[in-house]
Amino acid sequence: MVPIRPALAPWPRHLLRCVLLLGGLRLGHPADSAAALLEPDVFLIFSQGMQGCLEAQGVQVRVTPVCNASLPAQRWKWVSRNRLFNLGATQCLGTGWPVTNTTVSLGMYECDREALSLRWQCRTLGDQLSLLLGARASNASKPGTLERGDQTRSGHWNIYGSEEDLCARPYYEVYTIQGNSHGKPCTIPFKYDNQWFHGCTSTGREDGHLWCATTQDYGKDERWGFCPIKSNDCETFWDKDQLTDSCYQFNFQSTLSWREAWASCEQQGADLLSITEIHEQTYINGLLTGYSSTLWIGLNDLDTSGGWQWSDNSPLKYLNWESDQPDNPGEENCGVIRTESSGGWQNHDCSIALPYVCKKKPNATVEPIQPDRWTNVKVECDPSWQPFQGHCYRLQAEKRSWQESKRACLRGGGDLLSIHSMAELEFITKQIKQEVEELWIGLNDLKLQMNFEWSDGSLVSFTHWHPFEPNNFRDSLEDCVTIWGPEGRWNDSPCNQSLPSICKKAGRLSQGAAEEDHGCRKGWTWHSPSCYWLGEDQVIYSDARRLCTDHGSQLVTITNRFEQAFVSSLIYNWEGEYFWTALQDLNSTGSFRWLSGDEVIYTHWNRDQPGYRRGGCVALATGSAMGLWEVKNCTSFRARYICRQSLGTPVTPELPGPDPTPSLTGSCPQGWVSDPKLRHCYKVFSSERLQEKKSWIQALGVCRELGAQLLSLASYEEEHFVAHMLNKIFGESEPESHEQHWFWIGLNRRDPREGHSWRWSDGLGFSYHNFARSRHDDDDIRGCAVLDLASLQWVPMQCQTQLDWICKIPRGVDVREPDIGRQGRLEWVRFQEAEYKFFEHHSSWAQAQRICTWFQADLTSVHSQAELDFLGQNLQKLSSDQEQHWWIGLHTLESDGRFRWTDGSIINFISWAPGKPRPIGKDKKCVYMTARQEDWGDQRCHTALPYICKRSNSSGETQPQDLPPSALGGCPSGWNQFLNKCFRIQGQDPQDRVKWSEAQFSCEQQEAQLVTIANPLEQAFITASLPNVTFDLWIGLHASQRDFQWIEQEPLLYTNWAPGEPSGPSPAPSGTKPTSCAVILHSPSAHFTGRWDDRSCTEETHGFICQKGTDPSLSPSPAATPPAPGAELSYLNHTFRLLQKPLRWKDALLLCESRNASLAHVPDPYTQAFLTQAARGLQTPLWIGLASEEGSRRYSWLSEEPLNYVSWQDEEPQHSGGCAYVDVDGTWRTTSCDTKLQGAVCGVSRGPPPRRINYRGSCPQGLADSSWIPFREHCYSFHMEVLLGHKEALQRCQKAGGTVLSILDEMENVFVWEHLQTAEAQSRGAWLGMNFNPKGGTLVWQDNTAVNYSNWGPPGLGPSMLSHNSCYWIQSSSGLWRPGACTNITMGVVCKLPRVEENSFLPSAALPESPVALVVVLTAVLLLLALMTAALILYRRRQSAERGSFEGARYSRSSHSGPAEATEKNILVSDMEMNEQQE
């Protein structure tokens, strides 16, 4: 139990709240305004144009000329879901729907009003404020074009008292710990005890721990968690190892991605777990004892230029990989520790959600990392040895094994090289190693496997592994380490390999030893090949340039990570200061250049830098952001500075620079394009097929396999060409048509050791930027960048999203052919309607499929014995080993375990080897075939095998079949009709369950046959008929010669196999009797219900489904066709209503709520099947009540039911912040919530549904004998049964205090149409409150506002209908508007009035006139007062009796979420309530 302050028992608590509200009081804890002033994320919004600050005044908003930072009504902060919260009003800024067609109301609204009108983009907020508050709007750029110059489109508005724009104080997700929300982020603000909290709070807790709710309203959902805090101790929530002084936090109950887990640890001043010693591994294993879990640790391979590393910068010297790990390092870049393998490590896909372990050292939460020592004390060395920092070094050019190299070093008085810092690595790389490709160093794990140590016995404090290394540490042949490549990266290698080596030994201290100055002036510090000096005066940028020039030098330039490390060491002791560099964007183009004009080849930006503004000069930060680069105002910001003076010829050779500059005259490969002014060629990889889209790391791999890189952009000119290329391919239509069409580019911040700094994957310096000025709550986990086709700007994105991408290759470079070997280059071999190519070179399954797609092919599918024999004959010719495995296209996904072919064709043929396939599990499976036996097996997809590609002119994908004809006729009693077929389920009595052939015979006796299922619609009908079936059912699908077919040889066009199926006994290659037959599963597992499985035809008995055609002599059943829109539909315990209108997701929700419903919840496969019939019958996708929060891929139901059953299409959900719909094939897909679909499904509530979109005021009850329906800001009364003339309609609505219907936008028209459509039989239409104004020559509504939206039906509105004698109406069947005469015709009536406060509906004479009634009222009042007094007395007594009797919160490491979740369910459980339960 998590204890808290006392809570009242339910009835006195609610009564007391009523009493206090009546008395003008409220329960709660007022915020501490003094503390709020210190909040760094709170700000005032200042208007440059109006010279004032934005202030909340009640429900209104105004600009006041007096800015007051202590006034809560002027204090704002960004909160969850891109909302703007006011501390004084404790509400969110929003817009209401227009009361007239010309005004939109800007005001303060309750933050739980789930509407897009509360969400703002910081980049456009200023423009919208100017527009809505009546000021002159900022000039906006033309849509679809690139912006140049200053990107600050909100320049009229900024944060008061600074030059910061409105994007400068963003909101970041805060991940909870413990509680009952599985680590889900806080929802800010949240409501607790009828009070809004805009941050974490200790309210309600006696122990003072900060907590937050993870849904909007704690009182309703009771979902919560503790907030992360940075502290210098390890008291609450941490386990401490007394031996090492390290602290550990095990978050077993959380489920986060690796990057989310890393962010959660960072928010506590910690990092993900690193394990650097055997003792530490043993200690962790002890804490894991008794638990069953897989947890994230800090091990990662996210640096595309480096190898495995710890996220906290610890050296990677101890390893505990499980056998065969790491595998697939190209795509699975994050490490886990597993209890099942006694603490063994595996690498996983970083995007999956898992528990995690944090680690920290006490008193080390904000200390900057100690820099390397760069001073060079003068020492004496023997001839041929070179000095550096007190040691001597020598290259041994003779190639020897590692052991022989070590002995040679020992003979010289030294040992093999040990490296302890970036400074030492730079010296070795630049001066000793030089042009030698690979050399031995002293690192090895010869003494103890997986534990690397230096041969000279020194401590391993620094590692610098090569990409994908260390990788073969398990193999005893790879126990020794080499240094190789221009950056000096390390690789583990066999110790018997013959290589040169480097020796190291201590130098002899010279007499009067002093630091070498290499000719630098006094006070200057040398670092090859320059002298450096710190200017201690704080000056603006131009003065810093002048002062360096006066000293015969320039402001410092930084060209590689070694120079960066050196400069950071110079400024280490200057806490809180900034130092100018030579980097600047003086022309405000968004492109940074060194003052020398040199290209920027290395960058080291701080978080959120270089920001959104154009222009500025770059300074180095200090403190916890030591050495990181930030953009500052060149003319107003004051900083210290660093001068650099070159000594001319470098004392030591320079490091190799970036790749040579490509030629302008080189040609581009076929299919690649360029511009005469650019040195690279470009290619867009885009596909409509979701399977061919890639994650960021997959897209990078594809580009690199071609010898190219993911797109990097160094200038506006280069990006302008890319934009032109995209417009040429996809068209220059309005941005809306390109919405959410994104392309991966090479920009990323995946590497945790770089903090949150953006880098190009090809090593190009990040010197040009074009980020869209948008913010997302989860920006911490958006580690990769995309180019947005709509805005042609960049947007951060989660790296695992599957998208298109763009590659870039230097001019004159040929696209690299895949290394496919000699036999792989054979011509394509034709068989029947397809061509096949056999590749003998070995690849993983995914890489093999990727190579096939380069030839417009897929890994082969197999659909007949003849095709299998053809493949087997060719494989026997190519395979020296007849048992060789070859990849084919059959595979499963991790999400559901169902087999599918890569080309989308159906599974109608199997050839499994005995014992295959293996039972389904969580891992993806891929299928191979053997050469001699021609049988299939499954194994891990990362295994490298040869493979077969197949291509054909006809697509293998089966298209959804058209609806069968709805033939006349019906079905006999006991049969269920659907379209033109009759179905009957048999086997309810166990004695009626028979073998397959007996089932077919039984059907034939009834003039029927076993069912054939031709499409998803028929499958949905059958699945929807299964809720009460408790046994499996034979269908007409069977296999006699390995290929499945229907009875009567009907073509097999559709299959619905269960996960891991078909896997039954493989039919014999020859024979006529069926040996494998299919059943429909009744399984209690939702993922198997209604799916197919293959069973032995002769050994098993089951129920069965018979099918026959309808009888023309019988009447059709009412349920014979798919559901139609409009009417209410009942299924099981649910009631639905189908909408068939063009709707956005929010519009659909509004429309459902106007029908006392909400968007539908799909709890099980039966309901899913029923809704599939609806979508298939309407031939249109339908919105459902499933959506994700802004910027998140976590999807949840509007009803807040758990997401236990899903029916996602492959690779879904795709969209962050998207909404879900049921497609015509029954699967769920996601898209932007602003997409217009042609329909939706409402789930009708038994009681009033919870309204997700709330508006001020309410509608009258029974006013003017009418029922009023709320919709947005208005109320509507529909009287289609009353047919009146236009004049009478006006009078009727005026009597009710409203007006005849006006329609101001498309959504309102859809709402009205939806309600008129159900009353089409009563009236053909309803009057519109519109007339012609001859003075202005325009149509106006009753309030004389112009008609700006219209929906005229053909042929439109002619001039003859624009007269005062014309009246206008809306047609019930179509929603179209029609003109007509005002007299002699009658229509239905729809009245409309604005919502008003509830007490506005009370009659003015509120007191009863009857004396008897008056006595009753007075008696009730006296009774209420007596109850109020009793409640107050009871409250005070219980409060004093229970105060102080609670235990403090405990840190719980539960191995099962169930008990802990029950314990942590409600933070408001008190001892009083427990005592009451015991009584």
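Residue positions begin at 1 at the first shown residue.
Keep in mind that glycine also has a Cβ here, set from the backbone N, Cα and C atoms.
For the residues Asn101, Asn491, Asn496, Asn587, the entry in Swiss-Prot flags N-linked glycosylation site at a single position: Asn101. Checked against Swiss-Prot, the residues Asn363, Asn953 yield a single entry marked N-linked glycosylation site: Asn363.
Between Asn68, Asn1028, Swiss-Prot assigns N-linked glycosylation site to Asn1028; no such entry appears for the others, which is not proof they lack it. The stretch that Swiss-Prot tags with region 'Disordered', taken from the ranges 630-663, 1446-1479, is 1446-1479. Among Cys1293, Cys1367, the cysteine that Swiss-Prot records as disulfide-bonded to Cys1382 is Cys1367. In Swiss-Prot, the feature N-linked glycosylation site is attached to one residue out of Asn1348, Asn1384, namely Asn1348. Among the candidates Cys200, Cys247, Cys265, the disulfide partner that Swiss-Prot records for Cys227 is Cys200. Geometry remark: Asn363 (N-linked glycosylation site) versus Asn1028 (N-linked glycosylation site), CA distance 63 Å. In this structure, Asn1348 (N-linked glycosylation site) belongs to neither helix nor strand by DSSP; it is coil.
Long-range Cβ contacts of Asn1028 (N-linked glycosylation site) within its own chain (separation 6+, distance under 8 Å) are none. According to DSSP, the secondary structure content of the domain 'C-type lectin 8' (1271-1391) in residues is 25 helix, 43 strand, 53 coil.
Packing around Asn1348 (N-linked glycosylation site) is summarised by its Cβ count: 13 other Cβ atoms lie within 10 angstroms of its Cβ, all protein chains included. Reduced to three states, the DSSP call for Asn1028 (N-linked glycosylation site) is coil.
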